[in-house]
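A.B. asks: The following block contains the structure, expressed as structure tokens.
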Amino acid sequence: MGNTNQGTSKADDPESREGVTNTNGADNRTGERTDSQSRQNPLPQPVTYYEPDERTRLLPASTHHGISGQPPLDIDDPAVTPLNLWGIRFLRYITIAFLLVASGWWLVLLVTTFVSPQGFHSRGGGWFAFGYTSLAIGILMLLLFSFTVPSRAEEVIQSVIAVLLLVNLIVTLSVPGLREEEGWIGIASAIFVLFVTLWAVCVDRSVEWGKKEEEERLTGRAETRRSLKEWCSVFSALVIMVIFLVISILLTGTLSLRAYDQSLEVPGKRVWVEDRYYRVHIFCTPEHSDKGREKVTVFLESGERAVANGLLDWAQENYVNGTIGRFCYWDRPGYAFSDVAPSPLSAGMAADALSEALAKVGEKGPFILVAHGIGSIYTRIFASRQGKSIKGLMLIDPLHESYLPDVGSTGRGFFMWFRGVISPLGLEILFDAIFKARSREDRIFGKSSYLNAKTIKAKLQESLAAKTFTKPEVSTSKVILNRKIPLVVVSSGEGVKKDSRWDQAQKESTELTDSLLHWDIVNKAGHKVWETADGWDMMSKRIGKLVDIATEGNKFPN
């Protein structure tokens, strides 16, 4: 047995084959192999060795994945997704929760635009808070849309947006005027949108890591290429993110202008009204005396713009030349230097706020009221509630109550709301500041004041309350107004000639009291009658007459 094993071992050994006898008895001493030997004992194949480099795997490639023992999946298989990871799914659920919270807050802000619950009032109008929340919703929706297809370019843009929003938050908190106007609502909204943007950056990074892990686990390698569907998703998300970036830049520019405008000195006083809920601006010339023309105060009420936008210049000239001895004016809530009032705000509510403010600054009259345009509605209500302290009434191209349905039309209300929603972008106001060199004065009470976010909110409130609250208040004031108050009406010649309805409304305005002094129609004068020389002179002449009557007791025509 031992010899047989040794013989077999030698026969199998390639080095011992020389000198071994064939099966047919012949010696194979030359070392040549027969065909049968070649088939039974093939020569070993040469082995090629490679030097390891940076592409060499540390672990041998596996032909199976997971614990199921199945072959690798294709990279386009729907099963290859980062959502397989519990942590990534959790991030998606949290993102959906944030979207629901943002949507709920957006609805709250939408409601407060029309009705202000206790504690939910923004003295700056609330448009920036609404804009911040809308941006947060957009970022969250875009994050969910491209959740499984993260993009580095998108992350970079989101990071830039976060920096801009951080700057906005710092500016809002550091400028006292902005901080007061935005209030806790605006500040909370600014913090929320900043948090959402940073959250989107972190989620994108996490999903990118999860995507790589799942691709390596399920396919054996991390895919660096994208499919056409993924490219379309990435491109769409990138375009939308660029739009968000532009919006953020515009928000920062508009907020910077608002911060700069806060440095403008406020003439007169800002007075708290309605239990310190908001402030209204009142300006009066120095304290009056009981002598001469200073015994009566001429009080100015603006029309569609602030008093400082033209009417104030007329009053100052007549004050300097002695036609009037003393005058005051105020900015209605939302105009110029006054805060926005809570919604809803009717003309009667504004008149009550004016009465409170005048009492707090010690102005008790007597007054001669001068009102322009829609301001005549507010003045008539105020005059009816002040009784004997009103010594005269001058209406400049007044708006009649028959036009209140036009003021409160659905189309006008929606237009003012939409203008308010886009006002934080500052498209027109930034254009005017850059290319037309508009100043702080222009934006607060001048040429560009109609673009001011507070003014837009005031006009929206005016529109919302016109038919439901203001019209009944005007009807009541017409009944209780003192019929003995001297009245002057100065009308626009262009308005009367071009519109018969306006002509009839002006005529009806002359019948508010039984003591009409004059009804003057200034030819070639527009709605702002004082902008023509004839209109300026006519108004000066008529206010002088009213002051004479109030101070000297002169009789006036019946």
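Note: Cβ is positioned from N, Cα and C throughout, glycine not excepted.
As annotated by TrEMBL, region 'Disordered' applies to 1-49. Per TrEMBL, transmembrane segment is recorded for 93-115, 127-149, 156-178, 184-203, 231-251.
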A.B. asks: With an 8 Å cut-off on Cβ pairs and a sequence gap of 6 or more, do the transmembrane segment (156-178) and the transmembrane segment (93-115) reach 3 or more such pairs?
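C.D. replies: Contact between the transmembrane segment (93-115) and the transmembrane segment (156-178): absent, because fewer than 3 Cβ pairs are under 8 Å.
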A.B. asks: Determine which residues of the chain contact the transmembrane segment (93-115) at the Cβ level, with the cut-off under 8 Å and only residues 6 or more beyond its ends counted.
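C.D. replies: Hits for the transmembrane segment (93-115): 121-122, 126, 129-130, 133-134, 136-137, 140-141, 143-144, 147, 185, 189, 192, 196, 199, 203, 343-344, 417, 420, 457, 460, 464.
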A.B. asks: Restricting to the same chain and to residues at least six past its boundaries, which positions have a Cβ under 8 Å from a Cβ of the transmembrane segment (184-203)?
C.D. replies: 91, 95, 98, 102, 105, 109, 112, 120, 122, 124, 126, 128-130, 132-133, 135-136, 139-140, 142-143, 147, 155, 158-159, 161-162, 165-166, 168-169, 172-173
